[in-house]
Structure formats: structure tokens, C-alpha cells
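What follows is a set of notes on a single structure, which appears directly below.
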Amino acid sequence: MSYYQDELAYGPTRSYPQGVPAAGRPAWQTSKTEEELALHIRKALTPDETAPKQKHVRACFLYTWDLKSSGSFWQALSSFPMLADEVVTFKAILTAHKVMREGHKSVLVDAISMSSWFENLSRSVPPHSHRGYGVLIRAYVQFILAKLEYHRLHPEFSGTFDYDEYVTLKGVDDPNEGFETINDLLVLLDKLDALQKLIFANFRPSSNNEARIAALVPLVEESHGIYQFLVTMLTAMHQIIGSVEVLGPLREKFNAGHYALFRFYHECSTLKYLTSLITVPRLSQDPPNFLAQPPTLPPRSQSPDKQTKQNEIDRFNEEQNRLERQLMEDHEREQQRLQAERELELARQRQQQQQEAEQQRQLQEAQRAQAEFMRRQEEERARMEAERLRMQHQTAAANSQMENQLNQQRFINAQNELEQYRNQCFQYDQKVRALEQQLAQLSVGSRDMDVAKDDLIRRLQDELAQWKQKYEALAKLYAQLRKDHLAMLTNFKEVRDGANRQTEQARQEVERARGDLKLKTTQNTELLIERDRLKGDVDRLRAQYEEQITRVRSQYDEEMGRLRHELSDAKASLGDLTNSKGAEMQNIMNRFESEKRELEDLVKSKQHQLDELTRTRQEQLDELRRSLEEKTAELQRARSGQEEDAAVLTAGLDQTLLALAAQQKLAQEAQQGWDQANAQLDGLRSTHQRQLNSNMDNLLASCITTVDEAIYKIDSPANMGNQTASPEYVLSLLERAQGLCGDFGSSFVKLVQTGDHKDAIATSTGFAHAIAQLLDNAKGVTRLAAEDDELEEIIRTVKMGALGGRLFFDQVKSVSLDTIDAAKRPEHIVGLSRETQHQLGRMSGVLEKLVVHKLDETKENLEDEVEKSMRSAANAIEEAAKRLEALLNKPREGADLDVHSAILQSAIAITSAIALLIKRATETQQEIVAHGRGSTTTGQFYKKNNKWTEGLISAAQAVATATTMLVEVADGLVSGSHSYEQLVVAAQEVSVATTQLVAASRVKSIPFSKTQVKLEDAAVAVRKATELLVKAAKEAAKRGAEQKAQTVGKLNRHQLKVAEMEQKVKILELEKDLMTARSRLGAIVKLGYKEDGPGEDE
């Protein structure tokens, strides 16, 4: 039975080879936590050279079976600090190998995605390490990667290579697939053999080699499982395929693997420590003879066409076919004998005869199909051979013709190049003087650049020193505040202990006085007087002690409040300094960009001047050439009578040539100076680029910290998230995060292509804060989950999406991008962006389960639905305002007349602010639609953004409902049927609904929109009006409580005690009712959200 079935609790072990039954699972496994898993991993990966304890490794793979998942295991293992110690790294790979073999089936699936982590492990340890584990780690990782690649190509295999399970899941009906499977397994077995040889070769006599020997345990078990699978599979293949030569290469490779395993098991049996852990398998000295088992199929028939083609093949193939036919004839005779025996057996058992006849027919059909396949393969091989010969002849002829053409082209190219070289030499002679002047200008510019660079570096160092001093001063201030706080706690403890001691002494004196009173019963008068005096002293002492304790506590509370205020001020100042530091860093980067542009403009201007000088020098040289030609003509005309002048001209020509040679030398020196200036400019550019990359990496690290803090908050039970968030709003935030992810990827593609950091800086911070906001609101909507499993699924999916964003930030750092070819970086970044958007998109499925679809997307007039919802909300608020005006104008009586008037006026102010809010929200919604719909209709825009539309309608209905409830509670408060607490709750519901409406509009808001700013101001006005109403209600409730408290002072001692007991009982009853009310409130919220629909407004 396979351990993938439900009857088993977890996979096979040495005690239970077929898997541990579910009934035998210990009870403590059901309460296993991630902390326990991390503890087991820490105990298994100790730095000493010992084998990982089996109980800790077993706890790891049992954990995967309990949860049917391995994500926590891989996360705990990858986050464990192991790169600094080669022994811990080696033991981590060994533990992972064992868990992959005996863990849940999801371990292999998740391990394939951890391939990059294994590669990092192999690169983290140098090959020639101190303890000799570097080369073993690299070889072990290569084997693990080969194993994972095999499981990726053949997912039907389990970690233990169980043949029965493979047949159950896959089957062995296809010979070609079986051939490929066996060949891949033999290759994997060769890699396992190379690993075990390397482990034996690295044994050290100075060590016990316990860790190295422990690595042989999974290799022995894995190799034996592969060997058993190969034997069974090859036996089945020889029974299915009748051709012996087809399986010849597999038999040869299997025989070599058999002898290697035989030597491997023999060497393992000599290790006492290994034999104490497992039983080493024993193999026969010779491999199994698969040819000794006769095939169960009839011989294949040879077609006349195939025999004709075989006559055209060489003598070796003819001899081979003759032997094959002879073997097939022997098989046919053996088959006939078996057929006769089978007929006798069928005569005795007719029912069995029918079954075996059906099986024989199927096998014969498979044999005929195999024969036809072999015939076609031979025909195709002969045709391909003829085609290959024809192509060789054509290729040879084409190559000969192509070579002649290439020789002619080379000759023409050589002539052209010679002419170009002559022209270039002529042009270089003309640029001599221009280069000399350019060299002098570049020298001056280079000196100016060096001075500017030194000044800039000195200013940056001074600023860095100032910031370091400010940070150290803040650190000292925080340490002093913490020290003072601890001292105050110590003083408070001492005062409290002294008061307790004094109270105990007073209590002992009272007891002594009471004993004296009992002994002196005869002196009633004097004893009564003494007793009254002692009681008065005791009461006075108790009052003094209580007053002292109260005074000390008040002093402590005042001091703690002052310290907390100073601490918050220090944190605020630290935050302001951090923000100012970020702004100054941005200014520095802007100055770098401006200096870079100035340098580029300087280079362009110098190049333009060089071109101008070159053109001027060219004109001068042309003028000299023309004058030289004129002089030469005049010399030829007057040569007969002017020999002396000719000598003078010849001497002048020699001087000109010498000057030209000197100018060429100066040109070479000018070129060298130009090269040096370019090198300095390139160095300055590279330094500037490194500084920009460093700043970008710091910004990405800050984004990673933001995401990590958001992940920590979503795991914290104390953080409940945004309790006012709705699933529609969270889905809108998800769409925004995916859009920002795409913008972030595009900006980084632009960064690696053009070097522009501006968009990358803006989009990175926006994307990080979008992920943090998404996690906070997603934690809030978990309150709507019906089951704990659904809640855990939401948290797990949201965390996976956030981790995908964190990985995106980490992979685009300069350290990671430097390892990738520059031409492939844009494609790499685009792939990371798509993968991150896919991880974020997985949240949509779990969040949409919480959405109650109120919107009918099949309707054509969705814009009417939205306008109807906003109009209904405005009408409801208008009716509420009219009702409040009527209540205010209604004649009233009673002592609380002024209080009720103030509360009604505050409620009217709230309704006025909400009416303005609805108006601004309508304007914002219309602006968003006009800006975003483009050439489409308004209804199509609402259909495309259906989640945002549902959130907007839900928020508008919530505002209308909360406002109506507020009016009803205000009416009930005036009439006496409602309390001030109900009014506070109703006002808070109005604030929550207002926040939801503003958040829904903010999702699709247009940048720098004045309408959105007005909406935010209207929301602030609603919140302030709500705070005033809540304040008025609380003050009224406080005055009522003070009036009731005044009557308590008129009670006697007995009545006070009775009243105290009644209040304690009432407190306990109220606490019980509070717990019940909270549970009921959660159920009502879930039920109300699920049953909420468009029919409510009707």
C-alpha cells in the first residue's frame, strides 16, 4: 500500500516499510508548533562533527506529514545561520535529503523551488576548506540537484523510488517511456556512485568521520531502492519487448552499476558505525540474467519490404539479422510448446482459459505493434542515411563555390582597406596642431575636475561625521532615559515594600491590643476607653499610610508620564532627523546628477572645439598644399636658369618635412594625453555610479525592512489590522499593489538601460508601502472568515505574496544584478515582476471567497446603479437632518434639557458634514470615471473595475445606514429609551463608515487631484463633529455618574458594605455579559456581511 493513501499517517520508515498506520500516530504530534520544529532543526544542526540525531530528523519529516505541507520546514531550514560553519552546512544538506526521502509528497515539490538555495550553499564554502567539507558539500549539492531534476521530469516517483507505487500511479504500458525512465535512473545511480566514492576518499584518520559516515545512510537506502526498481522494470521490459538488442545498452549500463553497488555495499559493511545504524544490503556477485527469462509474446514477422532493404546493408547487419531470425524461430517453437500446454490446462479450467486467451491476444497486439514500429524505424534510418549522403555532396559543392567567392571578396576588401589606410594617414597628418591645442585644454579641465571632486568628497565626509555625532548623541540620550526609568521603578518598589511593612506592624499592634482587652474583662470602663483610643490610632495610622501610598503613586505616575512624553519627543525628533537625512541624501543624488550632466556637456563642447580646430587645420594644410604645388610648377619652369633657388627650396622642403615629423610626434603625445583624460573621466563616472548604486541598495533595504515589519505585524496576535476594511477594499488595494509592482519593474528596466534612478526611487517606496497597507487591511478582513482554516489560508497566502515582493526587492539589488549579464538584466527584471504579480494575484482567490457580490455585472446600466446608491445615501442623510431639526424644535421638559439640545446640535453638525462628504465623494467618483474610462463608456469602466465599484456602493450604503442609526439613537436618548453609551457607539459607527467611503475613493484617486483633497477635508470635518458628539455624550454620562456618587456618601457603614458587595456582583455579571455580547457581535457582523445585498435598499 502506498503512503499517499489516506490509511497511513506518514511515510515508510525502518520499522514500518510500507508506512505508519494512522491509528498508531502519537497524540503529541497533533500539537506540534513551528517553535518545536525550529528547536529540532537547531538540535540536529550542531557544529560538532557528529551525525544528526535520528529523533530530531524524524520529528522534521513527521511534521510534514502532520500538516501535509513542507513550507514551514524549508523556511526554518533556510533561515538557520549555517553559512559560517561548513559542518553545519553539510549536516543541513544531509537532513534535507532525509526529509525529502521520508517526508510528505509536498516536500519534493517545494524542494524543486529551493534549487537556488542549494546552489548558494555550494558557493558559500570554498572547495579547500579547513575541515575538508567544502568539496563534499559541492558534490552533495550536485547530487541533490540531479535528484530534484529527475523528480521534476518524473513526478510519479516517490522519494523512496517504490516500484509498486510507480505502477499504481503511472503504469508500464509504453516501452519507450520505460526505456527513458530506466536510462535516467541509471544516470542518477552513476552520480550517486561518484558521491559515495568522494566521501570514502575524504575520510580523515584524525577524526571519527561520524558526520561523513552518516551521509552514507541515505545513499545506501536510496541506491538500494533504485536498484530494486531497475531489476523489476528491466524484467518487465524484457517480457514486453521481444528484441534483445534494443535493451542491450540498458543491460550493459545496469551491469556496470551492479558491480559498482556491490563494491559500495562491501565497503559499507566494513564500517561498524554504519552497520549499527542500518542493515547494509547484500547483492549477488553477478548481475541478474534477464535473457534467461523467455518472452511471453509470439515472434515478430518480417515483411518482404524490410528483407529487401536489409539486403542492401553491410555484412555485419546481415549477420545480426540472421541471428535474430534464428532466435525468433527458437522463441516461436518454445511458444508453440507453451501453447500446447496452455490448451491442456484450458481444457481443465474453461474459465481460466478465457482470461488467459484475452491476455494472450493483448500481448500479441502489442508485439505486432512493436514489430511494425521497429520496421518503420529501420526504413526511416535507411532513408535518413541516403539523405545524409546527398546533403554531404551538396554541402561540399556549395562550400567550394562559397570559398571562391570569399577569396575574391577578401581581395577586394584588402584593396579597399589599403586605400582607407592611405586616406587615414593623410588625415592624421592634418590633425597634429589641433590635437596639441586640445591636449593643453584637456589638461586644464582635468585639473579643475580633480579639484571639484576633492571638494565634493571632503564635504560628504564632513556631513557624514556630523550625522554620526548626532546619532551617537541620541543614543546616549535614550540610554540615560532608560536608566532613569529603571531607577524610578526601583524607588517605587522600595516605597511600596516600606508601606507594606508599616501596615503589617500596625496590624500586629491591633491584634496585641485585642488580646489585652480580652484578658482585662474586669476593668470594663478603662478597657473600653483604651480600646476606643487604640482603634482611633489604628484608623489614623491606616489613613496616613494610605495617603502616603497614594501620594507616592501619584508622584510615580507624574514622573512616568513626563518620561514617556520626553521619550515620544525624542522619537519624533529622531524621525524628523531621519526624514531630513533622506531629503539631504536625495539632494546629494540630485547634485551628482547635475555634475554628471555638466561633465557630459563639457565633453561635448570639447569634442565640438576639437572638430572646429581639425576643420581649420585641414583648410590651412590644403592652402599649404596648393602653394607648394604652385612653387613646384614655378621651379620646373625656371629650373634651367635658377639652380641656386632650387637648392634653397630643397633645403626649405627638408625643413618642412622635419617639422612635419615633429608635429606627428606631438600628435602622438596629444593622443596619449587624451586617453589619460578619458580614463580619469571613466573613473569618475564609475565612482559616481557606485555611489548611486549604494544609495539605491540602501533604499531597497529600507523597503525590505518595511515589508518585514508588515509581515511581523500580521503574525502578531496583538495586531488586529484595519477592522473597518472590507474585502472589496482589500481587493482594490491588491490591484493597486500589482500595478505598482509593474511600475517598479518598468522603472528598474529603465534604470539598467539608461542609468536613470529617479523613477526607481519613487516606485520602490510606493510599492513597499502598498504591500504594508495591503497586509494590514488583509489582517483586518480575517474577522469575516467563517472557519479557522479559511483564516489561516488568508494569512498564509498574503504572507506568500509579501515574501514574493520582498524577494523582488532583494533580487534587484546591485549585488544580485552584477552576477547577471547586462544584456539579460531587463529580461530578468521583467520575469521577477511577472512572478511577483503572480504571487500577489494568488491573494485574489482567497479574498473573493469573503466578497458578497452585490453588483450584477450583466446589467448594461451600471452607472445608474452607482448613481442610485450615492443618491440614496444623500437622500437618507437629508431625511436624517430634517428629523433632527424636528427633534430640536420639539418642546421638551426635564433637567437634561440643555444636554439634549447640545447633543442634537452636534448630531445636526455631523449630518451636515456627512452631506458635504457624500457630495465630495460623488464629485471624486465622477472625476475618476472621466479620467480612467478613456474611449470606453462609463458602464464598461464600472464593469472593468467591478471590485472598486462594489466597494464604493458598499461604503455609500454603510454611511447612510450609520447616519440613520445615529438619528434613531438621538431620538431615543431624548425620549429616554436609549442611553449615552448607545449614542457613542452610533457615532463611532458613523466615523467607521466615513473612513470606508474615503478609502474606497482613495484607491482609484488621481494624483494631485483637488477634488480628492476636498474629500479628505470633508472626512476630517465629519471626524471632528463626531468627536464633539462623543465628548458631549461622555460628559453628560459623567455628570449622571457624579450625581449618583453623591448619594453614596449618605450611607452608613453597613449600607456601604452591602452596596460594595452589590457593585462587585454587578461587575462580574457585566463582564460575563460583555464576553457574551462580543461573541454575539462577531457572529452578527459575519452574518450581516454575508446576507447583505442590493435588496436592502429596496
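Just so it is clear, glycine is given a Cβ too, placed from its N, Cα and C backbone atoms.
Listed ranges 344-384, 508-548, 590-630; the one TrEMBL annotates as region 'Disordered' is 344-384. When TrEMBL is compared with the stretches 99-126, 659-686, 799-826, 1051-1078, the one noted as coiled coil is 1051-1078. Looking at 150-188, 852-890, 930-968, the range annotated in TrEMBL as coiled coil turns out to be 852-890.
Counting residue by residue with DSSP, the compositional bias 'Basic and acidic residues' (373-384) contains 12 helix, 0 strand, 0 coil. According to DSSP, the domain 'ENTH' (29-158) comprises 92 helix, 0 strand, 38 coil.
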